[in-house]
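Structure, as structure tokens:
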Amino acid sequence: MMFRLTSVGCFLLVIVLLNVAVLTNASCRNEGAMCSFGFQCCKKECCMSHCTDFCRNPDKRAHGHGLLRFWGQR
């Protein structure tokens, strides 16, 4: 019984240590790599699902005002 508990404990410890090793070796994603959140990128900027230095897209509010201006002319 003791041997079985020790074996299971050692097995779980190895799994935990391997997970820690993978997490510490998993570095951030470089520019151009796919991302979902900013913390995944080295420069902490995820824009349109890609890591970038800064988001090169126009501000959404400015784009919305352009649409309102377009509809106002009709």
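Every residue, even glycine, has its Cβ placed from backbone N, Cα and C.
The disulfide bond annotation in Swiss-Prot covers Cys28-Cys42 (among others). The number of other CB atoms found within 10 A of the CB of Cys28 (disulfide bond), across every protein chain shown, is 13.
Residues or ranges marked as disulfide bond in Swiss-Prot: Cys35-Cys47 (among others). All chains included, 15 other C-beta atoms sit within 10 angstroms of the C-beta of Cys47 (disulfide bond).
Within 10 Å of the C-beta atom of Cys41 (disulfide bond) sit 22 other C-beta atoms, taking all shown protein chains into account. Look at Swiss-Prot and you will find Cys41-Cys51 (among others) tagged as disulfide bond, backed by similarity to another entry.
In the three-state DSSP scheme, Cys55 (disulfide bond) falls into the coil class. Here Swiss-Prot flags Cys46-Cys55 (among others) as disulfide bond, drawing on similarity to another entry.
Feature annotation from Swiss-Prot assigns signal peptide to 1-26; the stated evidence is similarity to another entry.
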Report task. Please report the number of other Cβ atoms within 10 Å of the Cβ of Cys55 (disulfide bond). Result -> 12
Query raised in the report: Among the disulfide-bonded residues Cys35, Cys42, Cys46, Cys51, which residue has its Cβ surrounded by the fewest other Cβ atoms within 10 Å?
Result: Cys42
